[in-house]
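S.K.: There's a structure below that I have some questions on.
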Ligand SMILES: Cc1cc2nc3c(=O)[nH]c(=O)nc-3n(C[C@H](O)[C@H](O)[C@H](O)COP(=O)(O)OP(=O)(O)OC[C@H]3O[C@@H](n4cnc5c(N)ncnc54)[C@H](O)[C@@H]3O)c2cc1C
């Protein structure tokens, strides 16, 4: 068990810290949550800066355009960018955190060369078209049809809760390519251009008031067969890879942010007198232990994945395992408890929807739903880790 | 960074598990419920295997390993519910003669608590009594103010060694049938021992947390195992989601505790240890309760081992750092 950093890693931390110290003061303020073009421009500009400075796709394999960094360097990157208050991945979430890693693991050389560099340079935004109105938790119930016509698939159907669809260039799309096969066997994973004729995006308002996600309607959309990742009808396997990245590693950077918020909460409570309440103090103390442990758990999971076989049997780049569900289960609830505690510190201030902590409290409500609900994660943990029989 | 067990650490952990499974299996455990005195032969065997001398330098006849390894073997001991003052013997192996080899058994009593409890009073060859900050707390009801009582504010209390017959005790009916307890009323302060007290307390908390982790891991296995076998309504109860959810939450608690305990063993930082103790206590206590629930009526019997885990977990949760103390320390750490 080794939590230490090598001199090279410490060197990396120092360089990164210096760079962040130079660039962050000159960054413009982030745009309003409702300003979609502004947010896209802001998020992609930040990604471009990371790219130019050599920090894009840090832990991606080199042949996927990444830097091939060690897991420790990746975690240092997450720690330092968060600590410095650098911008969040934002609209780049899907591309950087799960579509990109899936393409790196499952795409052909040509597909990796086509799609990965623009993700890393912040030129192309991806969204995730998995869920459908009647296929959320039961993802394999998806009905969107793709019928082969020459060298293209002709796609009809609809997707829902598609985050960032309004500004996305590409969609990781699940379609049914064989309606007669057993439900898990007739699915394919495609990269669909969002500007293709027949794609309509209708924004959906979230309970936080913003249009964070959308409905996507697909009316005879033509997508080249060459855009399929993995074999035809083998999309469920590819989907599992995507979900393991989404649950396994996509949220880990946020743990650091939560620890930062926790410190700020404690100071705010001291300033406004709420600190004298032992119940509140003890809640904050407990959350401190939880977020620290979640960060260790992350290191445990990342180390485990890196020991596993990567693509082509090489060490490193391993796909995260079911440990991601364990992490997500606890993290999503801890995050909600954090912002509930923030509300206690704020008192009536918790009714001010413009307060950053209140906005985060609202968005934290989605954490036990998106990327697999807590109930589904519990089923996964019980069945795949503990070996309990499948339910009906 | 490679936060996984090394091959050597895994071998040590597996070896300890095998040794305990062979020498302290279910039959021995149930026999110990009737007579919980430490098994001297097993103690010597553990000593010979290096269990207690793990952290002593090789030059002193030890194994020369570190806190992470001590945590791994105590996790296994906690998993097996091995009775006896294990943490005391780990920590005092280099301090009290014969302990490293498993020849003598030493107890450790924390005077910062009221009442001051001594585990296995009948099974110890010696007792090390550690005072709280500012000397022995006590007062009128506590009785045992002793020589170094009030008025000595601010200094770190000392540690004293005593032969069992020098310690004045009152009986205390332990909730844990595997851990007999006595209440220490007074003891002679004649023979001070030189130990780094803050460090002793930190390590005692961490090693106790390691036992809690082992128990928490074991009760998840017990619950999942039972849920796979036991049938109701024509199906294994583990196929019902309410049961799955109990089991899944148990695993989450155990894995959180594992991360925290292992990491604290590596960093040795006080607040990391505090957090680890908090999460491990909670994992052990709540997992035992949920395990009991999964076992239904069987879980409520003396026959099932579940209550032994719960009662041990309660005892360990009261030792060295309680939840309230830990949460306050961690909260203070947020604004330090
Ligand atoms: C903010 C946000 C962003 C999202 N972004 C995207 C995106 O970009 N792309 C995308 O494809 N999807 C996205 N989603 C969709 C998300 O993945 C689904 O909402 C989620 O998987 C749950 O599906 P559902 O909404 O259909 O709920 P349902 O599946 O209908 O579930 C309703 C309730 O029933 C419970 N339930 C359902 N089945 C079971 C079961 N077998 N056992 C126990 N309980 C069960 C659920 O836990 C839940 O409590 C997003 C969702 C949110 C909230």
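Each residue, glycine too, has its Cβ placed from N, Cα and C.
TrEMBL entries are annotated by machine, without manual review.
Note that the coordinates shown come from a computational prediction; the quantities given were computed from them, not determined experimentally.
The domain 'Acyl-CoA dehydrogenase/oxidase N-terminal' annotation in TrEMBL covers A:6-123. Under the heading domain 'Acyl-CoA oxidase/dehydrogenase middle', TrEMBL lists A:127-220. Among the features that TrEMBL reports, domain 'Acyl-CoA dehydrogenase/oxidase C-terminal' is placed at A:233-386.
Please situate the listed features within the shown structure.
M.R.: For the domain 'Acyl-CoA dehydrogenase/oxidase N-terminal' (A:6-123), the model's pLDDT averages out at 92.
Helix first, then strand, then coil: DSSP counts for the domain 'Acyl-CoA oxidase/dehydrogenase middle' (A:127-220) stand at 6 helix, 50 strand, 38 coil.
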S.K.: Write out how many residues of the domain 'Acyl-CoA dehydrogenase/oxidase N-terminal' (A:6-123) are helix, how many strand and how many coil, based on DSSP.
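M.R.: Split by secondary structure, the domain 'Acyl-CoA dehydrogenase/oxidase N-terminal' (A:6-123) comes out as 82 helix, 0 strand, 36 coil.
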